[in-house]
């Protein structure tokens, strides 16, 4: 027996073509007939619903929805009043026969499901005309299909990609960072909050070494823009500047790190040649630092275990601050070898003291810098 659909006589012509079905307004006589049937049996069978639908002039699927909504309202009211729900009364009535869907009908429904998992009333009515099935059964078919296959069909949510899922060179470009690394003692750096999964996905300003597969990169709240590398360093605190990453193809050649410029000078008065001092540095990692000409990283001068680094201009330093020429003053002598504290570090951290054993290279570059300044 073919069931009437809402498109036969109940819905006006202007309601068809919209995304959702138009709300059905019940007349007082229809509401009384429905409530009287509900008092007799809250769970009417298919035969009772069809007779009631024919009597009040409403399609049977709308009558079924009304009974479902009324049962939900009554159940909520009984729960608020702490009364037990009576449930079914009387003998159970027959249920609707299972709708048989042929292979061709299933193929049409599957193609429509692949295009749109949530078809509107107009699309469902069009499918009802093509398949010969009632629109209400098509709606139930789509509901069941969405429940069984939540990830299939159209309008699927896009997968959110992250830094680790993005291929090198793809996605949004990462901002250029100049990272700071917190050091408790010279040569010891704290681990970064997060580490990119691939060296190709590292943002500019992170530090790549030949010995390290992934280098730590700080969060944006702890980083400064690349243009701000010549900004003054903090007056106090145990922070070390980190040199920017070299361009592609130049990772195998170590470059000289930059000490922070003088705090009292402006950006225009600073000489970029005076700010940079020679000497390789290592990537800051937990534990003893491994210095060597392997790449750029956080500048972490070595010291003994008992003498921490208190900041710029205080305590022992590796290369010292940049020389500032004065009127009538002769250039200072060549830097002296490290003191006893650095010698004690050689025994505990042999890797960190290796960059200091290059007097020829250091004196040559320092002499050239002093000659240019004079």
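Including glycine, each Cβ sits where the backbone N, Cα and C put it.
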Next item on the list: For the region 'Disordered' entry in Swiss-Prot, name the matching range from 72-102, 103-133.
Entry: 72-102
Item checked: Close approaches to the region 'Disordered' (72-102) from elsewhere in its chain (Cβ under 8 angstroms; 6 or more beyond its ends) -> 40-48, 109, 133, 137, 141
Margin query: Across the region 'Disordered' (72-102), what are the DSSP residue counts per state (helix, strand, coil)?
Written below: 9 helix, 0 strand, 22 coil
Margin query: Return the average pLDDT for the DNA-binding region (19-78) as a whole number.
Written below: 89
